[in-house]
Each structure stands twice: as C-alpha cells, then as structure tokens.
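> I'd like to ask you about the structure that follows.
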Amino acid sequence: MSINKNTILCYRSYCLNVSQSFRRCGSNLRSEIGGKFGTSVQSYFVFLKWLLMFNVFSFLVNFGFITIPQLVYDFSPNVPNTTSFRGLEILTGAGYFNYTVMYYGSYSNETLEGAVDYKMQLGYFFTIAVYMVLCGIALIFSMASSFKANYVLADTTSGGAWQLLCSWDFSMTNERAVRQRKNNLRESLSEKAQRKQLTSSEKLRHFGIYLGAWLLSSSLTVGCGASIFFLCRYEQLTLLVPFMVSLMNMVVPLFFSLFNKFEHYSSQRRQIYVLVARNVLLRMCILGVLCYYWMNVVATEYSCWESVVGQALYRLVFVDFIFLLLGSFFGEFLSNVVGTRLLPRLGIPEFDVARNVLEIIYAQTLAWIGIYFSPLLPAIQILKFFILFYIKKVSLMQNCQPPRRTGRAAQMKTIFTALLFFPFFLGALAIVGYTAWSLTPSKHCGPFRGLDSTFSVVEVWMVQLNSTGGSEVVIFVYQNVIRSEIFYFLITIIILVIVYIFWQVSQGRKQLIVLLRQQIVNEGKDKSFLLEKLQNLQKSQPNIRSKNHKKVGIPSLLARFS
Amino acid sequence: MGTTASQLGKDLLSEYQELTFLTKQEILLAHKRFSELLTKDEKDVPNVRVPMERILTLPELKSNPFRKRICLVFSTSEHKDGSLTFEDFLDLLSAFSDSATMEIKSHYAFRIFDFDDDGTLDCDDLQQLVNCLTGETEDTRLTQDEMRQLISNILEESDIDKDGTVNLSEFQHVISRSPDFISSFKIVL
C-alpha cells in the first residue's frame with residue numbers, strides 16, 4: 001500500500017517537474033529574450049512563430065487535399081529517361097523535381113476513381129481558394145483586435161511624456177540594458193522638454209532634403225525594377241535573377257538608412273515609418289516586375305508555364321533563405337567582431353527589428369504567391385522559418401545588444417500585421433486571382449489543361465450540376481449571388497451607408513469629450529471656490545459652529561467635498 | 001496561515017491560487033526562490049519576514065529603478081521598512097503577473113510612483129519619478145529648466161481638474177491610453 005502511495009507521489013512530482021520545464025521552454029521567449037532585450041525584440045520572434053503556423057496549416061491542407069489524391073492515383077512520377085536525380089535540384093528546383101508532385105504540372109485533370117469520385121480540378125481550385133480566404137479572414141481579425149487594443153482614443157497626448165514614463169519595462173533584468181534605457185529615456189525627455197522652434201529657412205531646407213531623399217529612393221527603386229526586368233531575359237543562368245533580387249533587397253535598404261541619417265524628422269516614429277515605407281516600396285516594385293514578367297512573357301512563351309513559374313519561385317525562396325543566413329552572419333556576427341575588436345567606436349550591433357520583420361513578411365509573400373504554382377512550397381517555407389528562428393535566436397544572444405530606442409511593442413505588432421495584410425497579402429491574392437481569372441492554363445499539363453481560364457472550372461461544374469439535376473441551392477446561389485452584379489452593387493451601397501453613420505457617431509463623441517473635459521475643470525473650480533467660502537465662514541463666525549454642530553455637520557460637509 | 005519547512009501544503013497552495021492571479025507552478029517557483037533567500041535558522045520559522053536588502057538581491061529586482069518603492073509598497077510590516085513575508089512576496093508577484101487586470105496594475109503603479117505616500121502625485125513625486133528613470137548621478141539628470149518644463153508638460157497632459165496634482169483617476173485615465181503599460185508592468189521569475 002505504502003509503495004503505491006510513494007510511487008504515485010513520485011510520479012506526480014515528476015509530472016510537475018516535466019510540465020514546469022515544458023512551460024519554461026515555452027516561456028523561454030518571454031523570460032530569456034523579453035527579459036534581456038525588451039518586448040519589441042520578443043514581438044519579432046512571436047510574429048515569426050505565428051507565420052510558421054500559417055505555413056504548417058497550408059502544408060497540411062495542400063498535402064491532404066491535393067497531393068495525397070494525386071499520389072494515390074498515380075504513385076510514380078512519369079520522369080523521362082534522360083533526367084535523373086542529381087543533388088543540384090535542391091538549389092534550382094528544376095530537373096528531376098519538375099516531374100514530381102512538387103509543381104502544378106504533374107497534377108492530373110481527371111476525376112479520380114476510387115472509394116470516392118474525386119474531381120481533381122475542383123479539389124485543386126477550391127483548396128487554394130479556401131486557404132487564401134481563411135488566411136485573409138485570420139489576418140483581418142488579428143489586425144482588428146490589435147488595432148482595437150492599441151489605438152484607443154488617438155489623442156494629442158499619445159506620444160507625450162506620460163507614455164514614455166509609463167512604458168518602463170519592468171521585466172528587464174540586464175544591468176547594461178537598464179542603464180541604456182535610462183540614457184535613452186533621458187535623451188527623449190530632454191528633447192520633449194525643449195521643443196525647439198525652427199525658423200522658416202530651416203524648415204525649407206529640411207523639406208528640400210526630405211524631397212531629395214524621396215526622389216533618390218524612388219529612382220533607386222525604379223532602377224532596380226528595370227534592371228530585374230532586363231535580367232529576366234537571361235533564363236539560361238537560372239540562379240542569376242534570384243541572386244540579383246536578394247542582393248538588391250539586402251544592399252539598397254542600406255542606402256535608405258544612409259539617406260535617413262541626413263534627413264531631419266520631428267519624431268522618431270515618423271522616421272521609422274518613412275524608412276519602412278521605402279523598403280516596402282522597393283520590395284513590392286521588384287515583386288511586381290517579376291510577376292509582370294511571369295504573367296506576360298512566361299505565360300505565352302512556355303508550354304508548361306505554371307511549373308516554370310513555380311520553379312522560379314522555388315529558387316527565389318531558396319536563395320532568399322541563403323541570403324537571410326548570410327545577412328545574419330554579416331549583419332550581426334561580423335558587426336559584433338568589428339564593433340568590439342577593430343572599431344570600438346561602433347559598439348555592439350543592435351537587433352534591427354523592423355528590417356528583420358520586413359524580411360520575413362517578404363518571405364511569406366513569396367510562399368503565398370507560390371502556393372498556386374507549387375502546392376508543396378509551404379514545406380520548404382516551414383523548414384526555412386524553423387531554421388531561421390533558431391539561428392536568429394542564437395545570433396541575438398551572442399552578438400547583439402538591446403535596441404536603444406524604447407520600442408513601442410504594442411503598436412509595432414499592429415503595424416507588422418497591417419503591413420503583412422495590406423500590401424503583401426492582398427498583392428499575393430491579386431496575383432493568384434489574376435492568374436486564375438485571366439490567364440489561359442497551359443494545354444498539356446496540370447489540372448486545368450484544356451480550359452479557357454481556371455475559374456471556368458466552376459462554370460463547367462455548374463453546367464454539370466444543372467444537367468444531372470444536382471443541388472438546387474448551389475445553382476441558385478451561383479446564378480443569383482456570385483454571377484449577378486446587382487448583388488455586389490447593393491452590398492457596396494449598404495456598407496458605405498453604415499460607414500458614414502459610424503463616422504458621424506464618432507465625430508459627435510469627440511465633441512462630447514471636449515465638453516466633458518471642460519465640465520470637469522469647471523467642477524474643480526467650483527469645488528475650490530466653495531471650500532474657500534466655507535473656510536471664510538468658519539473663520540468669521542466660530543461661535544455658531546459650536547452651537548449648531550448638530551444641525552450643520554460641517555466636518556461631514558468638508559469630508560464630502562475633499 | 002503561514003509557510004512551514006520546505007514544502008507548501010496542498011490546501012495552502014490552492015488557497016493561494018484562489019487569492020492571487022498566479023498559477024500553481026508560479027506559486028511553487030516563488031516558494032522555491034523565497035526559500036533560497038532564507039538563512040538556515042529562518043527556514044523553520046513560520047511567517048518569517050525577510051529584510052529589504054536580501055529581497056533586493058533577487059536578479060529580477062536588482063536592476064529595477066523602483067526596487068525600493070516596490071518593497072515599501074508591498075510590505076505589511078509596522079515599521080515600514082520594506083521587509084516582506086512570503087505572502088507579501090506572492091502579492092507582489094500577483095500584481096506583476098500576466099493575468100493581473102489593468103485596474104490592479106494601475107493601482108499599484110500609482111502607489112509605487114507616489115513617493116511621499118500622500119495619495120496624489122504632486123510636483124515632488126513627479127520629479128523623483130523622472131530622476132529614478134533618468135539616472136541616479138548628477139550628470140545624467142535633467143537640468144532644472146528641463147525638469148520644470150517637463151513637469152508642466154506632464155501636468156498639462158494629465159491633470160484634468162487642474163488642481164496641480166495627478167490623482168488616481170487621472171493616472172488611470174492616462175494609463176488606459178498607453179497600450180504598452182500592461183505588457184511592460186510585468187515581473188516574471
């Protein structure tokens with residue numbers, strides 16, 4: 001009996017220890033990274049983990065609904081005898097991989113007989129469509145919830161001195177980090193206290209420099225786009241384009257940071273926003289040029305063009321991964337060595353959260369564009385993010401110091417999610433949508449061969465349902481909701497009316513707030529006026545108080561007012 | 001109610017869990033860390049009170065600019081010397097934990113910032129607050145002019161009834177507009 005009790009106790013304490021160490025492993029992010037480097041660096045790693053979840057979901061869905069039926073139907077890839085597996089395929093994505101289920105081209109367009117009749121065309125189309133829609137909904141909800149939590153009443157005081165004082169990070173335990181934060185806080189506070197006024201000639205000069213910097217960065221961006229378009233012609237050097245794209249993405253932002261140093265900004269936040277905006281424009285321009293080339297040139301010239309695009313995206317993803325690792329090496333490790341041994345003036349490098357977040361958002365966009373052309377690309381992306389997480393963590397611990405600016409982690413999370421959604425996700429969705437809507441699928445390979453456009457799969461299915469007398473509801477919904485223009489017109493009008501009503505309500509509430517503040521000030525003045533009168537009354541007539549203390553109860557009156 | 005020897009009883013553990021915002025693992029970890037601060041004789045004493053100097057050797061509090069105020073606020077001793085029992089320590093961790101609400105955190109933040117314990121933040125409290133955050137030594141502090149300008153900016157922002165001090169409601173109003181506060185007012189062992 002006692003042995004059982006002992007073993008149970010032993011087992012329970014063992015379980016407690018395991019769960020404790022598990023919990024510590026999971027909350028390692030919070031204590032290790034958050035404690036030493038602050039909450040903004042921690043938010044980068046949390047964001048990376050969140051994006052990894054998207055890819056895991058995408059891989060499971062694609063593998064389950066697209067690849068497994070294809071593998072069940074036709075297990076061996078029909079590789080021609082000339083190509084065999086050489087190790088080089090991992091780098092270029094072409095060759096042997098071209099004939100496997102990695103790319104669009106090797107999926108069949110038939111109805112797969114088996115336990116269940118599985119229409120491959122519909123399966124492919126609806127899997128991709130539903131995944132993109134779910135991604136969009138998840139992003140919208142995440143953005144809306146963090147927006148609601150973090151932008152309550154954007155007042156003139158947001159960004160004021162109180163925000164600086166109350167954002168002291170109590171979880172910081174590193175002595176040096178604390179000292180640095182104190183220094184930066186002191187600088188920001190003395191800046192706030194001074195509030196210099198600029199003369200108009202100085203303002204004009206600052207505006208001129210600002211305009212010049214914008215012109216330079218826009219011309220750099222356009223130049224990069226044009227050179228990528230020109231280089232795309234040289235298809236024989238398969239790795240040239242991905243290499244140049246990643247090189248530009250690494251080098252040109254350094255120029256942007258250089259321009260940033262010469263410009264003068266009224267607040268640090270605006271400086272970061274402008275830098276991020278320029279980087280986003282650069283990456284979107286390059287991606288736009290590449291997509292234009294793929295949609296207009298590759299789609300008409302090659303026979304199995306979707307696989308070619310898939311391979312190009314695979315190469316981009318892979319080379320981007322290599323450059324991210326190199327960037328970590330040069331940006332952090334070498335900077336640390338230079339900063340500590342060779343040029344002590346530079347000091348230990350900081351972990352640049354904004355640049356790193358932008359890099360992983362860009363990597364995720366490549367994966368989102370690539371899902372249509374290469375359904376198993378999320379697998380590569382999962383590996384990439386997984387390895388990147390640990391490399392960045394190790395590099396952070398060994399090489400970097402905490403960021404000097406007091407990072408506003410909550411707002412940054414909102415900005416990251418908004419950046420992820422607006423330019424990048426919507427852009428990827430637009431590219432995939434345009435491909436599905438307007439471009440002719442290739443005639444000899446892939447699940448949509450022989451059709452005019454990918455979307456006509458749904459039309460064909462509707463015709464089939466109609467002729468075989470299928471579900472009435474689906475046909476009704478398709479004819480009167482999805483295909484009719486009046487429905488969309490009505491919905492738009494209703495949404496505009498609702499937005500207008502909410503806007504008016506918020507304007508009214510702003511006026512109410514001003515009135516209420518004024519009322520509080522007036523009440524304060526009333527209170528001090530009445531207190532003064534009461535004290536004067538007390539001083540002038542002390543006898544009355546002793547006679548009438550039962551009736552008047554002055555102490556309770558005083559207590560009620562103060 | 002008190003803690004004895006090196007193990008917490010199960011019913012005591014669940015009582016603490018109900019009364020604070022901490023989870024079971026966090027309470028056990030706190031107990032372990034608190035016991036490490038005790039000397040050998042003190043380990044058998046129930047309701048032992050640890051003096052402030054020893055509490056301040058904890059790495060989580062050692063570099064915090066508000067460490068002394070935190071100990072003074074959470075201490076329940078009659079001498080107001082900042083010494084903490086285990087239950088005071090749990091109170092401290094509970095207020096600084098993840099699951100504590102905004103009201104609790106802002107209430108304790110107000111008490112920590114109120115250096116003279118008079119229930120409002122007046123100019124002296126604000127001056128000491130800024131000095132705590134900018135540096136202890138002479139050359140890292142703000143100049144007199146900067147300090148005066150800064151305090152008048154602060155009062156302009158947050159003193160709604162214009163009485164020259166910031167009371168608890170005004171403080172909570174300012175805090176509610178600072179989304180970083182709830183995530184930065186945290187101490188995790």
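For all residues, glycine too, the Cβ spot is worked out from N, Cα and C.
A TrEMBL annotation is a machine prediction, not a hand-curated record.
From TrEMBL, for reference:
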- A:50-73: transmembrane segment (TRANSMEM)
- A:85-104: transmembrane segment (TRANSMEM)
- A:124-144: transmembrane segment (TRANSMEM)
- A:207-231: transmembrane segment (TRANSMEM)
- A:237-260: transmembrane segment (TRANSMEM)
- A:272-295: transmembrane segment (TRANSMEM)
- A:304-410: domain 'TMC' (DOMAIN)
- A:315-335: transmembrane segment (TRANSMEM)
- A:379-395: transmembrane segment (TRANSMEM)
- A:415-437: transmembrane segment (TRANSMEM)
- A:486-503: transmembrane segment (TRANSMEM)
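Any idea what these are sitting next to in the structure?
Here the transmembrane segment (A:50-73) has Cβ contacts under 8 Å with residues 101, 106-108, 112, 114, 118, 120, 123-124, 127, 130-131, 135, 138, 360, 364, 367, 371, 375-376, 378-379, 381-382, 385-386, 389 of the same chain, all six or more residues outside its ends.
Only residues 6 or more beyond the boundaries of the transmembrane segment (A:124-144), in the same chain, are considered here, and those with a CB under 8 A from a CB of the stretch are 54, 57-58, 61-62, 65-66, 107, 368, 371-372, 375, 414, 417-418, 420-421, 425, 429, 432, 436, 447-448, 454, 457-458.
Per-residue pLDDT, averaged along the domain 'TMC' (A:304-410), amounts to 84 for this model.
For the transmembrane segment (A:315-335), the list of distant contacts is 90-93, 238-239, 241-243, 245-247, 249-250, 290, 346, 348-349, 351-352, 359, 362-363, 366-367, 370, 377, 380-381, 384, 387-388, 391-392, 395-396, 398-400: same-chain residues at least six beyond its ends, Cβ to Cβ under 8 Å.
Within its own chain, the transmembrane segment (A:486-503) has Cβ neighbours under 8 Å at 480, counting only residues six or more beyond its boundaries.
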> Hey, does the transmembrane segment (A:379-395) touch the transmembrane segment (A:272-295), meaning at least 3 C-beta pairs closer than 8 angstroms, sequence gap 6 or more?
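Checked: the transmembrane segment (A:272-295) vs the transmembrane segment (A:379-395), no contact.
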> Going along the chain, which residues at least six beyond the ends of the transmembrane segment (A:379-395) come within the CB cut-off of under 8 Å?
33, 45, 48-49, 51-52, 55-56, 59, 63, 314, 317-318, 321, 324-325, 328, 332-333, 356, 360, 363-364, 367
> Counting only residues 6 or more past its boundaries, what in the same chain has a CB within less than 8 Å of a CB in the transmembrane segment (A:85-104)?
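Beyond its ends, the transmembrane segment (A:85-104) has Cβ neighbours at 67, 70-71, 77-79, 238-239, 306-307, 310-311, 314-315, 318, 372-376, 445-447.
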> May I have the DSSP-based helix, strand and coil counts for the residues of the domain 'TMC' (A:304-410)?
84 helix, 2 strand, 21 coil
> In terms of Cβ proximity under 8 Å, which residues at least six beyond the ends of the transmembrane segment (A:415-437) contact it?
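Result: 43, 47, 125, 128, 132, 135-136, 139-140, 142-143, 146-147, 276, 280, 284, 287-288, 291, 295, 357-358, 361-362, 364-365, 368-369, 371-372, 453-455.
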